[in-house]
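Taken from Swiss-Prot, the feature ATP binding site applies to L20, R21, G62, K65, T66, T67, E128, D129, F130, R171, Y181, R218, supported by sequence analysis. The Mg(2+) binding site annotation in Swiss-Prot covers T66 and is backed by sequence analysis. Taken from Swiss-Prot, the feature DNA binding site applies to R291, R310, R312, R315, supported by sequence analysis. The region 'Large ATPase domain (RuvB-L)' feature in Swiss-Prot is assigned to 1-181; the stated evidence is sequence analysis. For 182-252, the entry in Swiss-Prot reads region 'Small ATPAse domain (RuvB-S)', with the evidence type sequence analysis. The annotation region 'Head domain (RuvB-H)' is assigned in Swiss-Prot to 255-332 on the grounds of sequence analysis.
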Amino acid sequence: MSRILDNELMGDEELVERTLRPQYLQEYIGQDKVKDQLKIFIEAAKLRDEALDHTLLFGPPGLGKTTMAFVIANELGVNLKQTSGPVIEKSGDLVAILNDLEPGDVLFIDEIHRLPMAVEEVLYSAMEDFYIDIMIGSGETSRSVHLDLPPFTLIGATTRAGMLSNPLRARFGITGHMEYYEAGDLTEIVERTAEIFEMAITHEAAKELALRSRGTPRIANRLLKRVRDYAQIMGNGLIDDKITDQALSMLDVDQEGLDYVDQKILKTMIEVYGGGPVGLGTLSVNIAEERETVEDMYEPYLIQKGFVMRTRTGRVATRKAYEHLGYEYMKE
């Protein structure tokens, strides 16, 4: 069974997200710093009749990087071609995509950190000088062919910016750090989703959902759907704060947005390791999760909310973690 607070896409959520996707910056809720910067850069590029500089969007899953890429293309009034790092297996695949671009087009590569190195190297000249050199034939009959490309904008999205090579990272003129959403912005997103799908919800219920959604719109919309189900079966269809609390309690999502896995991590740190420090590998083995899963999916939110600290000697549970789980804090 999938974890309700997983910030990766589940089931039909890609279709749902396309339905909810804003078209322009003015409609995009949250990420104000990124939006304000992009608005200036986009207007300047349009004023000069140039392609927008290559743009890197990075941050945890579910924060709207793909949506932002589509919004940028709409603001520029150009087409967007979408692909992802794992799909482009060899340089010939990328050459075919690049050769199909029209002047000013946006090429969006999701999970760009997963591009094979041979493919990435083809991007260097394409991004910097809008050309590629490709080899045709093999052996003694092989020859290099120079192929000019129209000016285009590459938008790369990644959850692991640190995994990008320095040469690739240096070729992005614009970077946007997508951060966890404030509760007010998430409340607005929940109310917008409810309106689009004709769900009856009170403002207080929307606020409660926002507070428990880990700062992530994808999770907020997923929880909203599950609370709607609960309201229709256990209530009269209205999503109010009481129904919301009952539904989220049933789903093991507490007032801080922690689920059973988060609580298991904190309890293990406190009960088994005295609050830490404990190494990430050791902790992962103890809770039977992959190290990368703990590091990428669980730990960022626990750190952001102040339940866990990273130290040079390992992870440490904070006073807030002790108090939240009802333990007496005895640390010096």
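Including glycine, each Cβ sits where the backbone N, Cα and C put it.
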- [ ] Just give the helix, strand and coil counts over the region 'Head domain (RuvB-H)' (255-332), going by DSSP.
- [x] 40 helix, 9 strand, 29 coil
- [ ] For R315 (DNA binding site), list the number of other Cβ atoms lying within 10 Å of its Cβ atom.
- [x] 23
Open item on the list: Could you give me three numbers for the region 'Small ATPAse domain (RuvB-S)' (182-252), the DSSP helix, strand and coil residue counts?
Closed with: 51 helix, 2 strand, 18 coil
Task: Residues near R291 (DNA binding site) in space but at least six apart in sequence (CB under 8 A) - done: L280, G281, S284
TODO: Quick one: pull the CA-CA distance for L20 (ATP binding site) versus R310 (DNA binding site), whole Å only.
DONE: 36
Open item on the list: Which one is it: of the binding-site residues F130, Y181, which Cβ has the fewest other Cβ atoms within 10 Å in this structure?
Closed with: F130
Task: Number of Cβ atoms other than its own within 10 Å, given for T66 (ATP binding site) - done: 21
Task: Separation of alpha carbons, R310 (DNA binding site) and G62 (ATP binding site) (Å) - done: 23
Open item on the list: Return only the integer: C-alpha distance in Å from R315 (DNA binding site) to Y181 (ATP binding site).
Closed with: 25
- [ ] Looking only at the region 'Large ATPase domain (RuvB-L)' (1-181), report the model's average pLDDT.
- [x] 87
